[in-house]
Every structure is written in C-alpha cells, then in structure tokens.
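Below is one structure, written out as structure tokens; comments come after it.
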Amino acid sequence: MTVRVAINGFGRIGRNVVRALYESGRRAEITVVAINELADAAGMAHLLKYDTSHGRFAWEVRQERDQLFVGDDAIRVLHERSLQSLPWRELGVDVVLDCTGVYGSREHGEAHIAAGAKKVLFSHPGSNDLDATVVYGVNQDQLRAEHRIVSNASCTTNCIIPVIKLLDDAYGIESGTVTTIHSAMHDQQVIDAYHPDLRRTRAASQSIIPIDTKLAAGITRFFPQFNDRFEAIAVRVPTINVTAIDLSVTVKKPVKANEVNLLLQKAAQGAFHGIVDYTELPLVSVDFNHDPHSAIVDGTQTRVSGAHLIKTLVWCDNEWGFANRMLDTTLAMATVAFR
C-alpha cells in the first residue's frame, strides 16, 4: 500500500520532507498528493530545487498552474488559510504532515480530520492532549490504530532522547543538564529589528544568542521519572544548519569514558542503526550537513568525572535528520492503521 500524504506548510521542514522522500527512494511507500502553502507556487518550486544548506535537488522540478511537478509526479498546490476548507477528503489523504510550525493543538489536528484526512502528524511538539508523541527509534512501537493526531516531537528531542535512553538503561541516570547549540532560525533577525524577545532583536549572524527552550519538558514527557531532575538551556549560533547538544548526566553506576563510548558505538551499529551514529573523526558542524541520522555521537568529546558524571557531545542535522524521521513516523502510523 502507498500512503497518500499531504503537506501543510512548505518551509524548511516541508521542503526537506519532499527531498528526503525522493532521495531515500521511498516513493513506492509514500506519495505526496498535495501541498498547502500561502506562498506562490513559483517560489515553492524554486526553493525546492535550490537550497543553500542542501544544494540543488537532483530531480527536475517545475510548476504549471496549480501543480508542482517533481520528475513526472504531479502534486496539487493549494493556498488555503482555513484548515477546515482543505480538500483532504476529495484527495483521499491518509496522513497530513503539518509542517507549519504554527499548529500543534488537538483542535488543529481535528480540523485536518474534519477536512477528510485520516491521520495528522505535526512536525513540532504538540499539546499534551495529542494521541501520541513519537521519537522514532525509541517509542514508535507504542503507536496504535486509534492514534489519529500525533507529534513527531522536535529535532533536538529526536537527537537527545535515544542517547538519554541508552545511558539510563546502562547506568541509571539520576539527573542531567542539556545545552543546545543550535543554528540560527527564521524567527531571528538578519539585522537588528524589533521582536518581542529582546535577544532576538539582534542580528543572527553577529552573535551567540541565548534562547528559551522547552527541551527539558520534552525529555520528561518521555521519561516522567526525570521530572525536576533535568534542565535545559539553548543558544543560537551564526550558522544556518546543524546543531550540537552538550549532554551531562549523573549516573548511579560507576563508569569510564571508554565504556560510555563503547556502549554508544555498539548501539549505533545495532539496535539504533540508522537513528544514532558514532564517530571519532575530527569533524566540525558542516560535516554533519545532510546527515539522515537523528543523533551522531562525537566520541572524541566524551568525558567522565568522578566515575558518575558523564558529558557527551551529540550532533544532528536539525533539518535533514528530522525530515527523515517524519517519513519514518508516517510509515509507522500507516502500518498500524491500515494493515
């Protein structure tokens, strides 16, 4: 069975989902039947073809009237502001990938369902009353056929949750802190300009900028036992893609740095293959651009202090890795729903 997908919002994640679908060779499993985006279709086609972070798309892209063509595949283009007015029923949409970054409540999900979609997957953290929040590779096996409105969490949650799980299962985490070193994003300014967050009034290319983050809440959503025992801070840095996460945890069992690295390396080669990767090469952030893994552990940066404090550095392409997980979760939702 081929899953019929519609994309709502054709920004960074929406476009990368389409590119990842074609580059990964999964078109027999997923077909994009429609894209809803307020921007004009010519601009959509141009930005799909030419991307500053990920280069030229290898597939031919063209726009004709209300259709976007990728190769010979025709995708209907919509410019609808009202979720209730979207023609998902007419198009036979199985799963809507809502990549707007704006919608994330159950009410918004129900609007897609009312328009005729069978399932909804948000590309960002949603409200607590959604049917499920998935970090693929960790808890997708908990998806049920009755789960209609699902969140794929965030890029940073997808990056750090697998590593936390591995360390907790092996050594028993007592508490932890996370620092996200994230590339600049569209909600920042090119030059100094007004913004409700005064730090985000400043030019993104000229400063390291502290930003509020809800990553600690995202961690405790998956690990309730860590409530009030994990804290997170975030900074944005003057790069356009790839994120690093500095994770520090105190653990119950004594451990050495080489043992931590061996654990994570074996996981990357085994149970978490394709989700977690491991490297000891002297790499920098740009080397992880276009990497499809959720997390890449940098073994050269692992430290252990006093046998119970572990520090690790984990990289991710916050666009490409997450876009690939959107496809994985879509297929997981369809598998349990339509088998």
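Cβ from N, Cα, C; glycine included.
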Task: Residue in R89, R106, R236 which Swiss-Prot records at the substrate site where S154, C155, T156, R200, T213, K214 also bind - done: R236
TODO: Tell me whether N318 (NAD(+) binding site) sits in a helix, a strand or coil according to DSSP.
DONE: coil
Task: Between K214 (substrate binding site) and R81 (NAD(+) binding site): CA-CA distance (Å) - done: 28
Open item on the list: Using a 10 Å cut-off on Cβ-Cβ distances across all protein chains shown, tell me which of the binding-site residues (S154, T156) has the largest neighbour count.
Closed with: T156
TODO: Name the one residue among R12, I13, H182, N318 whose Cα is closest in three-dimensional space to that of S154 (substrate binding site); these are the recorded positions.
DONE: N318
